[in-house]
Ligand SMILES: CC(=O)N[C@H]1[C@@H](OP(=O)(O)OP(=O)(O)OC[C@H]2O[C@@H](n3ccc(=O)[nH]c3=O)[C@H](O)[C@@H]2O)O[C@H](CO)[C@@H](O)[C@@H]1O
Ligand SMILES: C=C(OP(=O)(O)O)C(=O)O
């Protein structure tokens, strides 16, 4: 196990390149299961979730690997092997194996997903979708077993706006007979990215990115080449880090439209934000004002940026209230930030943050974005080295974090625990 060591007090300066999006990558890799020939993905991030997913695809009998900067998946030899344990438990997005394998083989047996379990994360909307498409879903010794003689298109109204359920239903419905309509669908950019890949594979999906998605099932899907969208959560984390260290950073390879909710909040605090076509420059300022933030489904403020934003708000003058309307209890970063001197109290689904200085401490990342929030805080400490354990969570979602931060002038390194 490794820990991350961060000496604070250095403003970040320079340019950082953002990699492809984790939440797209972990859906696009299983989507390739549906193809009959090779799928090539460009801009795939080098993160542990991707490494684990590649192993899963190999365990299913596929051939996968890097060809220079491109990632090549040949799904032709895959089988419908049950996956009750092992790698599926290491990441959340293993649930996409359900929709993809159901679409290709008419069956899937997948252990309940792992990953960041900051609170119970049910998947009953995914199951409801599969059942509506004609599948029978049972619990097989803690795994979800899904079987369908024939998938038939259906109208599905999601009770909860869910990214995972929307994508999982799109995957299975692409191979169903007839039309499927998903109402109250999630609108995150990663959903559009998955629909773009599936359409390039021969699927007929319209409306991704809106609350109504229509899918006309097809008999076969073929290989294609696809470039993954930039990671808006990584980009947002660097925007926050630049602001927290009062630095000056150009964040390159982003879609500024995806960042609007964060950009608006940073500007409200007093951070200077300059948007270009595919990049955003953040120029930090000596003083920030407290603001209130509500994490919501897209295009609202992303819940995945809620924890890093909490750290930045410790640097604002006055009291900020940050409420999470996606996950009511995503606050595992708060006790760790308190060790660093932060003045935060949690009330219901809100963190109430009183601005003030932070100090270096030994802290533990309990999940991916809690880890990111500790890195933001450690960079903002005026002096002293913060030790962050639980780095394996941070590695799930941040490509080249240490190298990127060093290139921006941060004093950051890894040590064995
Ligand atoms: C791999 C991936 O893309 N992960 C993202 C995805 O997770 P994930 O797809 O798991 O999140 P969802 O959009 O499904 O969850 C949103 C909310 O709906 C609830 N819910 C969801 C499904 C369900 O069947 N029942 C139910 O009650 C969840 O508990 C949560 O409160 O979207 C989240 C919300 O933007 C992000 O934090 C995650 O980074
Ligand atoms: C919660 C996250 O991811 P996952 O759903 O993969 O656990 C995240 O990316 O912040």
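Note that the numbers count up from 1, one per residue, in the order the chain is shown.
Placed from the backbone N, Cα and C atoms, the Cβ positions cover glycine too.
Note: TrEMBL annotation is automatic and uncurated.
Feature annotation from TrEMBL assigns active site, proton donor to 116. Summarising the annotation, TrEMBL assigns phosphoenolpyruvate binding site to 22, 23. Positions annotated as UDP-N-acetyl-alpha-D-glucosamine binding site by TrEMBL: 92, 121, 122, 123, 124, 125, 304, 326. Here TrEMBL flags 6-405 as domain 'Enolpyruvate transferase'. The 2-(S-cysteinyl)pyruvic acid O-phosphothioketal feature in TrEMBL is assigned to 116.
When the binding-site residues 124, 304 are compared by the number of other CB atoms within 10 angstroms of each CB, 124 has the fewest. Sequence-distant neighbours of residue 116 (active site, proton donor) (same chain, 6+ residues apart, CB-CB distance under 8 A): 92, 367, 368, 369, 393, 396. The binding-site residues listed here are 123, 326; among them, 326 has the most other Cβ atoms within 10 Å of its own Cβ. Counted within 10 Å of its Cβ, the other Cβ atoms near residue 23 (phosphoenolpyruvate binding site) come to 25, all protein chains included. For residue 22 (phosphoenolpyruvate binding site), the spatially nearest entry among the binding-site residues 122, 123, 124, 125, 304 is 304, judged by CA separation. Each residue contributes its Cα atom, and for residue 23 (phosphoenolpyruvate binding site) and residue 124 (UDP-N-acetyl-alpha-D-glucosamine binding site) these two points are 20 Å apart. Among the binding-site residues listed (121, 122, 123, 124, 125), none has a CB atom closer than 6 Å to any atom of ligand 2. Residues within less than 8 Å, Cβ to Cβ, of residue 122 (UDP-N-acetyl-alpha-D-glucosamine binding site) and separated from it by at least 6 positions along the same chain comprise none. Neighbour counts of Cβ atoms within 10 Å were taken for the binding-site residues 22, 92, 121, 125; the minimum is at 121.
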